[in-house]
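Quick look at what TrEMBL annotates:
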COILED    4-58  coiled coil
DOMAIN    178-520  domain 'UvrD-like helicase ATP-binding'
BINDING   Gly199, Ala200, Ala201, Gly202, Ser203, Gly204, Lys205, Thr206  ATP binding site
Amino acid sequence: MSIFEAEEAQLQATLARLDELGDKLEQVPRYRGSDFTEQVLEDRREHLRTALHSARQEPYFGRLDFCEWDQETKALYIGKVGVHDEDSGDPFVIDWRAPVASLFYSFTGSEEDVFYQSPEGIVEGEILLKRNIVIRNRRLQRVVDSYAKGQEMSGGDEFLLYKLSEQKDNKLKDIVATIQAEQNAIIRHAIKEPLIIQGAAGSGKTTVALHRLAYLLYEFREQLRAEKMVIFAPNAMFLDYISHVLPELGVGTIAQSTFANWGLSVLGSSYQLYDTKKRLANQFESKLEQQSEDVLAYKGSLACQKQMRRFIDAYVGERVPKKDFCPWDGCVLNKETMKQWIEQDFAASPPMKRRERFHARAKRWIEIEAKRFEDKKEQQAFKSEALKRLRSFLSYWSKPDLAKLYTAFLKEQQLPVPASLKEKRLGYEDIAPLVYMHQQLYGIERDARFDHVVIDEAQDVSPFMLAVLKERTRAGGFTILGDLAQGIHGDEGISNWAAFEEVFANNVSYVQMERSYRSTMEIIEFSNRILQQMAFAPAPAKPVFRSGQDVVVEQRPTEHVAHWVKAMQDKQTQTIAVLTRTEKASTAICRQLQAAGFDAHLLIAGGERYEGGISVLPVYLSKGFEFDAVLLTDVTNDHYPCDELHKKLLYVGCTRALHELTVWYDGALSPILAP
Ligand SMILES: Nc1ncnc2c1ncn2[C@@H]1O[C@H](COP(=O)(O)OP(=O)(O)OP(=O)(O)O)[C@@H](O)[C@H]1O
């Protein structure tokens with residue numbers, strides 16, 4: 001029997017077991033009653049039904065023959081979801097997140113003995129076979145061995161290259177079958193340590209972070225809840241693009257948001273972001289930003305956070321009663337007692353909660369004092385007079401208007417006050433300071449705390465934003481990923497990771513990912529030449545050995561875009577992108593393509609969906625996305641002068657391409673690309 005036939009027989013046997021299990025489960029009536037134990041059992045059955053639904057199509061993707069010392073070799077089949085034999089409890093498909101499955105990813109073929117950490121301790125042994133198996137709709141498609149003991153192998157990358165050469169559709173995909181050793185280490189990194197990942201474009205940062213969430217939820221299911229996890233990413237369109245990975249991994253309820261939207265939800269519905277749609281366009285096109293870069297950078301800094309804390313402390317300090325309270329003539333609650341209540345008895349509560357508690361205790365005190373009057377009517381009259389006086393006494397400590405308080409802070413710091421603040425319309429850079437102010441005054445409800453936070457494209461996040469999130473996240477619960485070479489929002493974001501490390505008082509792990517999986521060698525080498533020109537030049541990306549077309553750089557006006565798109569379509573290219581320098585240019589090209597009969601999509605700031613197919617978008621919006629073929633238009637000296645911002649923009653644009661990259665210029669080629 002050939003290897004393929006043997007695996008085919010194994011697949012049929014596994015499918016038969018899965019079908020039997022699935023059919024049996026379907027026959028158990030759904031429990032809808034109120035008995036708690038029954039509900040828990042039904043919950044488990046439902047979980048298994050969902051798991052079996054996907055397992056019955058593609059039960060596994062890998063096989064690992066592992067021999068634990070002094071025991072028999074076991075063939076372990078690894079899949080997206082683990083399935084156990086009902087009677088013996090033995091797994092016949094191992095979940096990719098299970099401890100033993102880690103060997104499938106970390107084993108490189110050169111280790112003689114291997115080990116993994118199981119809940120019972122370290123398990124040692126040797127690997128005899130590592131096999132990739134492709135199953136589509138219950139049919140065995142492909143079997144590729146990357147290691148077989150005692151045999152010469154062509155190299156472990158063959159299967160990875162096969163996966164990478166596939167065309168992409170409109171959603172990011174899971175990579176469970178081909179997670180690489182360095183990615184596996186990140187996915188399984190200790191739960192208690194915050195993690196910062198600096199990764200080259202296309203190194204799999206976003207993908208790996210999503211797999212890490214799925215892993216954490218599996219391994220620490222007793223401690224973590226999906227509803228308490230959140231992914232922050234730059235915009236709604238990008239969130240739409242990555243939205244399929246977690247459901248594919250069987251995880252459905254993790255919140256995804258932009259920092260701005262989340263911040264506004266904390267502040268309440270009266271606050272809005274000003275020019276949501278136009279912020280990026282202004283920043284990258286007409287330089288209309290009202291505020292200088294220094295002000296933006298300061299508002300995102302830890303120095304600003306420190307000043308804000310001092311300002312709030314002073315504000316709260318001022319709220320301590322300065323005079324005695326007199327509910328009626330002859331009765332006094334002295335200021336020392338009230339001070340003691342506020343500063344000592346209620347010290348653990350946030351300031352606005354302290355006010356509430358003070359109010360409640362003062363009312364109780366009035367009740368007790370009023371009991372001195374024997375006549376009930378008299379008692380009532382004194383009480384209502386006292387409550388009136390209490391209200392007026394507390395007016396010095398009314399609920400603060402955050403926008404006004406923030407205005408006072410900006411004035412104190414001699415910073416310009418944006419005119420829109422009066423209408424509670426905020427700049428992106430004002431959100432972190434305001435949310436921080438809110439947190440300082442009102443505290444953070446238990447329900448509003450996070451178990452784990454993923455921050456994607458973190459180079460565009462300010463240290464102040466991170467500090468705000470840290471206050472409401474359980475210790476160590478951060479996976480932060482970014483690429484400084486793609487930091488196109490330098491004024492709001494960061495230029496090195498030091499300030500982030502400072503937020504965690506340096507108790508943070510830092511990992512670099514240099515291998516890039518997205519693009520061909522030709523595209524990576526071309527992009528690396530831009531990288532090397534940057535003031536801060538991260539290590540060049542290392543390509544996987546996947547060769548493709550040469551990068552084309554040619555003098556051509558944008559009128560020819562339709563020809564290029566047609567040529568790409570003729571090659572069956574699935575996702576095609578035309579990247580322009582401005583939104584205006586994107587709009588014009590998109591119209592031109594639509595007039596020529598192409599189903600082209602214009603992606604602009606404020607958009608919510610990414611459709612795939614043919615996309616036309618400004619280069620600054622392309623961050624995070626990838627396309628089979630990319631055309632960068634107008635790469636001239638005028639549009640991309642030789643400065644840091646434009647080097648980064650071009651780097652972002654070039655690294656979006658998987659298989660083909662074309663660069664056009666009409667005039668003088670940008671000096672960044674000059675030979
Ligand atoms: N181990 C892997 N196996 C197969 N494909 C992979 C692997 N790692 C990454 N990829 C693919 O590489 C591409 C880039 O991944 P991803 O978008 O997560 O990278 P990134 O580092 O976030 O990129 P960027 O910073 O440029 O946005 C995706 O198509 C992803 O599926």
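Yeah, the Cβs are placed from backbone N, Cα and C, and that goes for glycine too.
Overlay of TrEMBL annotations on the structure.
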residue : record           : Cβ neighbours (10 Å)
Gly199  : ATP binding site : 26
Ala200  : ATP binding site : 28
Ala201  : ATP binding site : 25
Gly202  : ATP binding site : 26
Ser203  : ATP binding site : 25
Gly204  : ATP binding site : 25
Lys205  : ATP binding site : 25
Thr206  : ATP binding site : 22
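Those residues of the chain, other than Gly199, Ala200, Ala201, Gly202, Ser203, Gly204, Lys205, Thr206, with a C-beta within 8 angstroms of the mean position of the ATP site C-beta atoms are Asp483, Met513, Ser516, Tyr517, Arg518. Highlighted here are the binding-site residues (Gly199, Ala200, Ala201) whose C-beta falls below 6 Å from ligand 1: Gly199, Ala201, in sequence order. The average pLDDT the prediction assigns to the domain 'UvrD-like helicase ATP-binding' (178-520) is 90. According to DSSP, Ala201 (ATP binding site) is assigned to coil rather than to any helix or strand.
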